[in-house]
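Q: Mind having a look at this structure? Questions to follow.
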Amino acid sequence: MSEPKPPSPPSGDTYKGWLFKWTNYIKGYQRRWFVLSNGLLSYYRTQAEMGHTCRGTINLATANIAVEDSCNFVISNGGAQTYHLKASSEVERQRWITALELAKAKAIHMQAESDDSGDEGPMVPPSSGQGGGCRNSEIQSTLRTLNSKVEDLSTCNDLIVKHGSALQRSLSELEGIRVGGDMGEKIRQVTERATLFRITSNAMINACRDFLSLAQTHSKRWQKALQTEREQRIRLEETLEQLAKQHNHLERAFRGATVLPPSFSNPTLGNKGKDDDNEFFDAMEDPAEFITVPADPKYHRRSGSNVSGISSETGMDDQSFDELSLTSNPESPQPLDIEPVRQRRTRIPDKPNYYLNLWSIMKNCIGKELSKIPMPVNFNEPLSMLQRLSEDLEYYELLDKAAKCQSSLEQMCYVAAFTVSSYSTTVNRTGKPFNPLLGETFELDRLRECGYRSLCEQVSHHPPAAAHHATSEKGWSLRQEITLASKFRGKYFSIMPLGSIQCMFDKSKNHYSWKKVTTTVHNIIVGKLWIDQSGEIDVVNHRTGDRCHLKFVPYSYFSRDVPRKVTGVVTDKDGKAHYVLSGTWDEKMEFSRVMQSSKGENGTEGKQRTVYQTLKAKEIWRNNPLPEGAENMYYFSSLALTLNEPEEGVAPTDSRRRPDQRLMEEGRWDEANTEKQRLEEKQRTVRREREREALKAASSPEEAVTEDSFSDSPLKSAHQDNYQALWFEQIDDPISGEKMHVYKGGYWEAKEQGSWDMCPDIF
């Protein structure tokens, strides 16, 4: 009397079945076995693969589910993964949509509970007075019951349509028959079909009554439970904020009790105080690796003889380090008449006073890679990462002076100071630079003013990587390829630059290399954001074997050291120390010539520290003061203010031409956010087109790109090799032993000719 009822989703959180998945333009839709479990949708080629080979998984907590037509639907998590799926029928598609939406709601709920419980703590079921596990089990049981009732209603609806149509046909036939012997048979058929229709209608009515009764029974309880959960979440967030504030109060109280000097009580203050010998400091302080003491006075006497094997030149403490190095250089250039150059801007529009609840956005990103998370421009500063990378050349004069040094050890001091100086502009720069688009470039042409020019290009998007090349008329060149990795850990997030920086000098053929340290942004939850640099850098001269070991000391409330402290020792290939460097990465660096070294007494943790006897310290680098009103202009330096200034003749891919960045600089943030989303979607479209071209270019089964060789993600780095950088080429770097993009030439010639036909349309 009725048609067989299709199977309902199985009990529990797992739903399985066959769907057709779009793979590529060659194979089209392919049949795949999908499994929905614990908020994750995974697929396999066959059911047998479930035990060993998963072909792909998407997290529904961050996914968007969209219906295209009667059988097709799309699941996407914001561009990184997209599944185009097709069911065998509209009913089957609706069952999947229902199961997916329920799984997504639960996944979001579980993720919210996980975020509230802490950064890396285990996920536990919520508890309440009646028991969170029992309540969750009750809700799941009720949902399964309601789902079963909906299936019953669907079946009854199909039967009503079927039997109603049959009854209508019988009535039509009854009207057209003649009075005769077949009257009784027709009336019997109509009566039978009317009875079936009545039974089915009664079943529908009863199912509706049961569903309505069940929904009414649980509706108020669910509303109350939902309100309770919402109130608990609000209380948890308020408690977390109060705890953070109490933490800050305790820190301030501790600093007051230990009589720390004002300059140490707040790492965001720029003024540095002097140490007080009578102050008390906690024993948790990390002991220094070495200490310095004034050298014996005999080393300061000017004499033509050698003292302890050290030439008399080392005793000239009356002369500056620059004079020692440069006066002995017969090729030091004479002053020339300076040719007038263009006036560059000294201001940008003030930063709008937009309110931004940073924690409300960042709390769902704990433990994730920030470069893959779309961020509004409210987090940004109106510069791209390529422009920020070019700011490393703020103190290019240090390399100019290094190029004139006669001694490789003296040259190392300048190079080491240059590595430290590149961090000075970051001390108050809490804004995030724009992630460059693939193929985006930035030129910094200061040939007339400063004698150097540089070029940056974004050569990879995920992971984000930028190649940089700079050359100077003063006889040095710089190249680097930086890939950023970042992690958010709740109260702070860290940016770890990966990649090598290399500096070459034409005259001496000295070749230096080093890597960057970790940048950490603190006080994400509450308080004023502040930045710290921490880690160690080894600057190596690969020609001579000279080395400078720099240590960026992380800020600590328990340390007697000044904030942002940096120390370093310059040694030759035999490990003998020649210079000691000290200072801070935001203000200045000094050097001292080592006259004698010895092993000192053990430190607080049993570590034996080296004692260096040194001459009087000389300043080798000091930061430039910020322009007036910098606090209203993102704390940009004078150089940073000029980086996004419109300039004629630059490439169409130059960061100055980026529309969302320009809108943000002008204070039109809403328009900038809209434009940023358009550019990102355009980049995804270009990526997909590049993948299609790769498929078409496959000339044999061995070379063909299959479904499993790259996913639906348009930004997956596994196929970033489909993109070829325009101005840089990848080589096996003999210095670092890694692959590195180096400048292959042609950019400045193209600019001189005004020929940019080869540049892609990225904006």
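The backbone N, Cα and C atoms fix where each Cβ goes, glycine too.
Automatic prediction, not curation, is the source of TrEMBL annotations.
What you are looking at is a predicted structure, and each value in this text was computed from that prediction instead of being measured.
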Q: Taking 114-148, 219-253 as the choices, which stretch does TrEMBL tie to coiled coil?
A: 219-253
Q: Summarise the domain 'PH' (12-105) as counts of helix, strand and coil residues per DSSP.
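A: Counting residues per DSSP class in the domain 'PH' (12-105), I get 24 helix, 43 strand, 27 coil.
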Q: Under the DSSP assignment, what numbers of helix, strand and coil residues are found in the compositional bias 'Basic and acidic residues' (654-695)?
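A: Going by DSSP assignments, the compositional bias 'Basic and acidic residues' (654-695) contains 37 helix, 1 strand, 4 coil.
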Q: Can you work out the mean pLDDT of the predicted model over the coiled coil (219-253)?
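A: Taking every residue of the coiled coil (219-253) together, the mean pLDDT is 74.
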